[in-house]
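Visitor: Straight from Swiss-Prot, here's the annotation block:
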BINDING   His81, Asp143, Asp201  Zn(2+) 1 binding site
ACT_SITE  Asp83  active site
BINDING   Asp143, Glu179, His383  Zn(2+) 2 binding site
ACT_SITE  Glu178  active site, proton acceptor
Amino acid sequence: MKYEKLLPRFLEYVKVNTRSDENSTTTPSTQALVEFAHKMGEDMKALGLKDVHYLESNGYVIGTIPANTDKKVRKIGLLAHLDTADFNAEGVNPQILENYDGESVIKLGDTEFTLDPKDFPSLKNYKGQTLVHTDGTTLLGSDDKSGVAEIMTLAEYLLNINPDFEHGEIRVGFGPDEEIGVGADKFDVADFDVDFAYTVDGGPLGELQYETFSAAGAVIEFQGKNVHPGTAKNTMVNALQLAIDYHNALPEFDRPEKTEGREGFFHLLKLDGTPEEARAQYIIRDHEEGKFNERKALMQEIADKMNAEFGQNRVKPVIKDQYYNMAQIIEKDMSIIDIAKKAMENLDIVPIIEPIRGGTDGSKISFMGLPTPNLFAGGENMHGRFEFVSVQTMEKAVDTLLEIIRLNNEVVK
């Protein structure tokens with residue numbers, strides 16, 4: 001194995017349950033995330049990172065790999081998140097499959113679930129590689145503990161294995177709650193103090209992403225008028241029926257399961273209630289600012305039309321922006337994309353530069369003034385039992401970070 005401790009480090013991390021909690025009001029959202037951040041801080045100190053500190057204000061643990069060059073080069077930041085998605089993360093039992101043949105069905109532990117190339121055709125890309133997958137009962141946590149392990153392995157390489165590798169100052173940060181969309185809300189750009197950064201939070205080999213969705217969340221409250229159904233004619237207003245009518249007024253094909261590429265959508269996350277009152281929760285996504293604003297306006301227009309028909313405010317939407325397409329910031333200076341692209345090409349990795357059908361912590365951090373595109377970390381089928389990662393892809397992620405650092409040495413501030 002190219003980096004001896006990369007896989008053991010990853011396996012150690014994924015066994016810790018750091019599932020974030022969207023219902024929490026604390027930062028981080030769970031005590032487990034606080035404890036894991038402190039554990040990462042101790043690991044960072046053990047590797048030799050300097051100025052390692054945990055920020056109570058935002059749950060980030062930050063450390064520094066000091067420069068070993070007199071060149072005035074740009075300071076680079078590397079970021080990954082410690083939490084995992086909303087799927088069982090207790091008792092993660094990673095399975096290792098060496099020299100995968102690229103065509104066999106992979107059994108997930110003792111469960112009835114499998115990784116079948118017919119369902120997951122990307123498996124054919126991993127012929128001859130070592131895969132880490134789940135036992136079918138949990139997620140794996142490659143999102144984003146692959147990124148965490150890769151950054152730590154990079155730090156180990158620079159500080160302990162090849163300390164003569166020339167580099168400027170590098171700042172490392174691990175934070176909470178990316179999966180519930182609030183991880184970067186309190187990020188401290190001044191404390192991180194770098195010229196540009198990357199999140200190592202992408203998927204398959206070669207992903208290089210600087211364009212995300214713009215995102216909003218919507219909560220629609222429906223006020224009904226409940227009476228006995230036996231005498232309901234011309235009197236009852238069923239709040240659940242209002243919710244159904246509202247949803248049906250949205251464009252039929254603008255849903256996640258019917259869109260791809262640059263197409264945006266409305267996504268109904270949750271619907272509950274009674275005939276008296278109901279509540280629907282949506283997310284709104286689009287890459288283009290104009291279309292994003294049109295989607296939000298449409299949700300209000302539907303409510304206004306329904307209320308006008310009743311002559312009462314029975315449909316009450318609350319729409320809040322969550323994050324914006326970071327391309328608006330990154331495109332002002334594409335040098336950090338160019339350097340990452342060149343790094344991959346130098347390593348015979350084909351860069352995959354496509355819009356993210358989602359967001360990253362970098363979306364918010366970029367709008368705080370720190371351009372932060374996203375690099376591949378290796379995971380596939382993330383957020384569930386079918387998640388897996390290639391050890392060789394993780395190694396290439398470390399290689400890519402090293403090559404970015406090497407190329408950055410050629411750019412004098």
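Cβ coordinates come from backbone N, Cα and C, glycine included.
Could you place the listed features in the three-dimensional structure?
Guide: When secondary structure is read from DSSP and collapsed to three states, His81 (Zn(2+) 1 binding site) falls in the strand class.
If you draw a 10 Å sphere around the CB of His383 (Zn(2+) 2 binding site), it holds 17 other CB atoms from the protein chains shown.
Note: Glu178 (active site, proton acceptor) has non-local neighbours Ser20, His81, Asp83, Asp144, Ala184, Asp201, Thr360, Asp361, i.e. same-chain residues 6+ apart with C-beta under 8 A of its own C-beta. Annotation note: Glu178 (active site, proton acceptor) sits in a coil segment as assigned by DSSP.
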Visitor: Work out how many Å separate Asp143 (Zn(2+) 1 binding site) and His383 (Zn(2+) 2 binding site) at their Cα atoms, rounded off.
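Guide: For Asp143 (Zn(2+) 1 binding site) versus His383 (Zn(2+) 2 binding site), the Cα atoms are 7 Å apart.
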Visitor: Need the DSSP three-state call for Asp143 (Zn(2+) 1 binding site) to compare against my parser.
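Guide: Once the DSSP labels are grouped into three classes, Asp143 (Zn(2+) 1 binding site) ends up as helix.
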Visitor: Around Asp143 (Zn(2+) 1 binding site), how many other CB atoms lie within 10 A of its CB?
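Guide: The Cβ of Asp143 (Zn(2+) 1 binding site) has 27 Cβ neighbours within 10 Å.
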Visitor: Once near-sequence residues are set aside, which residues in the chain of Glu179 (Zn(2+) 2 binding site), 6 or more away, have Cβ atoms under 8 Å from its Cβ?
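Guide: Set apart from Glu179 (Zn(2+) 2 binding site) by at least 6 residues yet with Cβ under 8 Å, we have Ser20, His81, Asp83, Thr84, Ala85, Asp86, Asp143.
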Visitor: Provide the number of Cβ atoms within 10 Å of the Cβ of His81 (Zn(2+) 1 binding site), excluding the reference atom itself.
Guide: 28
Visitor: Cβ within 8 angstroms of the Cβ centroid of His81, Asp143, Asp201: which residues besides those meet this for the Zn(2+) 1 site?
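Guide: Once His81, Asp143, Asp201 are set aside, the remaining close residues are Ala80, Asp144, Gly147, Glu178, Glu179, Thr199, Val200, Thr360, Asp361, Ala377.
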Visitor: Helix, strand or coil at Asp201 (Zn(2+) 1 binding site), per DSSP?
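Guide: The residue in question, Asp201 (Zn(2+) 1 binding site), is strand (DSSP, three-state).
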